[in-house]
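**Student:** Shown below is the structure under consideration.
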Amino acid sequence: MPDIKLLSEGIFEIMKDKRQLATLNLDPGKVVYGEKLISVEGAEYRTWDPRRSKLGAMVLKKFNIPLSKDSKVLYLGAASGTTVSHVSDIASEGAVYSVEFASRSMRDFIRLASRRKNIFPILADAGKPDSYAHIVEPVDLIFQDVAQPNQAEIAARNAARFLNKNGYLLLSIKARSIDTAASPKEIFKEEVKKLEQAFEPGFEILTARDLMPYHEDHLGVLAKLKE
């Protein structure tokens, strides 16, 4: 029988031939992106590939992941739902408001959302939060993974509009979407500075780590609103 270890609420490590990250499957018997299903003592787990998920990489890079079963989450950059599906597993009794701009990705994503009662797909530009303000309630966590040059600004706009006072921001900063020539370290430094000074009261940076070896030229950031 595989060994299973709880890493944080709703996130597990399973040892079966090799160490694998996993979440408890909210949609038993179904896979989302070709991941493996592993049954342990009557419960079904979905393996979570950190090379296909910035959030999965953050787990393995020892970030604190402020998610619980009743979390309300705003996910910016949902794509076709690979990582959103794992957030849905974790926040099984919460809500995952999922914003994606590409209509092709959204078509695939809607099929996933139709099987999971806690996912709310939103076809919109994450840089224009007022366009979906009538749908999204105040949230406990904003997770952002967008490939736009103004990533810090997008995070700040959405936090100002939706993030609870005691909420958190998890952000994957993709250096090459901001500047293809500059040093990633310099880009990361500037983006973190923008977050700290983005708006009143600004963000307090709790953790900032590169996501190697899972994602090249990416920085993971955990932040909360300053007191």
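Keep in mind that glycine also has a Cβ here, set from the backbone N, Cα and C atoms.
So Swiss-Prot has the following annotated:
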BINDING   Thr82, Thr83, Glu100, Phe101, Asp125, Ala126, Asp145, Val146, Ala147, Gln148  S-adenosyl-L-methionine binding site
**Student:** For Asp145 (S-adenosyl-L-methionine binding site), what residues in its own chain, 6 or more apart in sequence, show a Cβ-Cβ distance under 8 Å?
**Tutor:** Lys54, Leu55, Leu76, Gly77, Ala79, Thr83, Ser172, Lys174
**Student:** Taking the residues Thr82, Thr83, Glu100, Phe101, Asp125, Ala126, Asp145, Val146, Ala147, Gln148, which the record names as binding S-adenosyl-L-methionine, find the longest CA to CA distance and state it in Å to the nearest whole number.
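**Tutor:** Across Thr82, Thr83, Glu100, Phe101, Asp125, Ala126, Asp145, Val146, Ala147, Gln148, the two farthest Cα atoms sit 19 Å apart.
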**Student:** By a simple count, how many Cβ atoms lie within 10 Å of the Cβ of Ala147 (S-adenosyl-L-methionine binding site), its own Cβ left out?
**Tutor:** 12
**Student:** Starting from the Cβ of Glu100 (S-adenosyl-L-methionine binding site), draw a 10 Å sphere and report how many other Cβ atoms land inside it.
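**Tutor:** Excluding its own Cβ, Glu100 (S-adenosyl-L-methionine binding site) sees 26 Cβ atoms within 10 Å.
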**Student:** Including all protein chains displayed, how many Cβ atoms other than that of Asp125 (S-adenosyl-L-methionine binding site) lie within 10 Å of its Cβ?
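**Tutor:** The answer is 15.
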**Student:** What is the Cβ neighbour count of Thr82 (S-adenosyl-L-methionine binding site) at a 10 Å cut-off, with all protein chains included?
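**Tutor:** Taking all protein chains shown, Thr82 (S-adenosyl-L-methionine binding site) has 20 Cβ neighbours within 10 Å.
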**Student:** Where does Glu100 (S-adenosyl-L-methionine binding site) sit in the DSSP three-state scheme?
**Tutor:** strand
